[in-house]
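Okay, so here's the structure we're looking at.
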Number of protein chains: 2
Amino acid sequence: MSATQTVQLMDGTSLAKRLVKEAAVKAAEISQRTGAAPCLATVLVGEDPASVTYVRMKRARCAKAGIKSRHIGLPATTTAAELIDTLAGLSGDPKVHGILLQHPCGPHIDERAAFEAIAPEKDVDGVTMHSFAAMSFGLPGFVSCTPGGIMRLLEAYDVDLAGKHAVVVGRSAILGKPVGMLLLAKDATVTYCHSRTADLSRIIQEADVVVAAVGRPRLIRGEDIKPGAVVIDAGYNPGNVGDVDFDTALTRARLITPVPGGVGPMTIAVLLAQTVNAAANQLGIQHH
Amino acid sequence: MSATQTVQLMDGTSLAKRLVKEAAVKAAEISQRTGAAPCLATVLVGEDPASVTYVRMKRARCAKAGIKSRHIGLPATTTAAELIDTLAGLSGDPKVHGILLQHPCGPHIDERAAFEAIAPEKDVDGVTMHSFAAMSFGLPGFVSCTPGGIMRLLEAYDVDLAGKHAVVVGRSAILGKPVGMLLLAKDATVTYCHSRTADLSRIIQEADVVVAAVGRPRLIRGEDIKPGAVVIDAGYNPGNVGDVDFDTALTRARLITPVPGGVGPMTIAVLLAQTVNAAANQLGIQHH
């Protein structure tokens with residue numbers, strides 16, 4: 001590759017806007033045909049300021065897209081059993097189509113048990129074991145929102161994944177692991193790297209697609225990016241710094257997500273799109 | 001590494017015998033304390049000769065270990081709904097502790113839907129979505145039998161996986177995908193390769209641990225094995241040929257599984273061990 005190669009930014013902000021617009025059209029159609037808007041229940045335990053902000057932002061975006069939200073704010077002293085009861089109640093409530101449990105829930109709560117109280121058909125945040133296995137096996141279901149957003153970005157920029165080497169850095173249950181499985185389903189050769197990986201630089205150097213999903217500022221060195229690679233930075237660190245050394249990576253990549261404005265906006269867009277789809281499924285509505 | 005390096009065969013036959021013996025001791029204890037032996041239900045649709053043989057072999061091994069088995073042979077014309085009814089019935093039957101659905105079930109049956117009718121606590125073959133997610137997230141649950149057997153072999157031969165590069169060739173739902181997740185849980189860097197992988201040779205050359213799980217005779221070239229690597233061959237092809245070119249690999253590997261006598265015997269051993277554990281769990285028995 002020559003030094004004059006042009007790099008293209010993957011514009012998550014614009015793509016997210018388009019997805020939200022589509023979701024809004026579908027939400028309006030559902031409201032018109034059924035007399036009730038799609039409804040997302042948001043559940044928050046305690047009052048962690050970052051979590052309060054996230055939930056508020058998600059609800060505001062829902063409102064703008066014509067999606068109702070019902071917020072259940074539980075005190076920090078809520079027990080795991082009480083939280084599970086709440087989530088099971090929402091799972092059985094026909095007026096609620098999607099459920100979002102904002103996490104972390106606090107150290108005294110078994111988050112996995114809480115997630116599992118969400119019915120798979122309302123798991124619009126893609127956090128249940130069922131949703132993970134569905135992503136892994138290529139079965140119908142909801143995807144984890146950030147991985148889903150990453151896949152939509154790759155699709156929007158016509159990235160052909162078949163036979164390509166995709167390296168995922170990070171192995172969390174809602175980001176690294178599922179995005180690797182989604183890339184594998186698209187016939188990429190997938191490598192999972194993480195904190196114990198012995199020679200990260202060398203592995204990154206062989207990657208056609210890099211997904212950084214670890215939350216460590218500039219862990220991925222720009223000079224390790226293979227010329228012409230596609231770089232997806234799902235890291236969000238203080239000061240709007242991603243997991244990739246952006247400035248150097250920019251001189252080598254073919255496609256790269258900015259931070260902010262890359263992966264970030266896609267996450268909420270997928271949440272809204274999946275909420276509308278959940279409502280359509282539960283109400284038996286086929287979109288035109 | 002020098003040419004005089006010694007290679008060690010990973011003796012699955014002996015390790016499997018030890019596991020089955022341990023399972024038999026536990027089965028006897030359960031029988032003595034409860035008056036009833038652990039019970040595995042085997043379900044077979046149709047009369048595919050290979051499947052008939054597999055089921056017969058598994059039941060014979062159960063009998064030798066003091067595990068009861070109850071066989072349900074269904075006609076080839078069985079519908080998916082009838083099969084699901086049968087499996088749901090066994091899931092709810094307190095006399096049955098483990099359920100094995102022999103597959104393939106035939107082209108007219110949605111195998112995934114059938115597997116999902118098996119209660120997770122009786123999924124001793126590790127085929128449900130729940131079991132897959134539990135393996136992936138490091139949660140309690142049953143493992144898929146061949147992946148579980150591979151992990152026990154690695155443990156028995158003291159293979160330290162942390163930070164090592166493990167390459168899994170194959171991505172099936174009950175072998176390649178889960179063994180990769182189990183290796184990742186042991187802190188290996190994990191690469192999934194498959195039929196669409198562009199440069200398999202080069203990737204194998206970098207592997208500290210190779211797991212071949214694809215069912216293509218001698219797909220893995222011996223000369224690609226890194227000197228000192230650990231080679232696990234889960235392939236079973238006609239003529240007792242594995243997925244690895246054994247003779248050449250033998251001159252380079254540090255540890256290697258023979259075919260037969262490596263991974264093969266471990267699969268049934270894990271099935272029996274998990275059946276006994278399922279019975280103990282369901283009967284509330286703690287082993288000494």
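Quick reminder: no glycine exception, Cβ is built from N, Cα and C everywhere.
Record features, source TrEMBL:
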type	residues	note
BINDING	B:G170, B:R171, B:S172	NADP(+) binding site
DOMAIN	B:10-125	domain 'Tetrahydrofolate dehydrogenase/cyclohydrolase catalytic'
DOMAIN	B:144-282	domain 'Tetrahydrofolate dehydrogenase/cyclohydrolase NAD(P)-binding'
**Prompt:** Near chain A: which of the binding-site residues B:G170, B:R171, B:S172 have their Cβ closer than 8 Å to one of its Cβ atoms?
**Reply:** B:R171
**The one of B:G170, B:R171, B:S172 whose CB sees the fewest other CB atoms within 10 Å, among these binding-site residues** = B:S172
**Asked** What other residues of the same chain, not counting B:G170, B:R171, B:S172, have a CB atom within 8 A of the CB centroid of the NADP(+) site?
**Response** B:V168, B:V169, B:A173, B:L175, B:G176, B:K177, B:Y192, B:H194, B:A213, B:V214
**Request:** Kindly report the helix/strand/coil residue split of the domain 'Tetrahydrofolate dehydrogenase/cyclohydrolase NAD(P)-binding' (B:144-282) according to DSSP, in that order.
**Result:** 54 helix, 24 strand, 61 coil
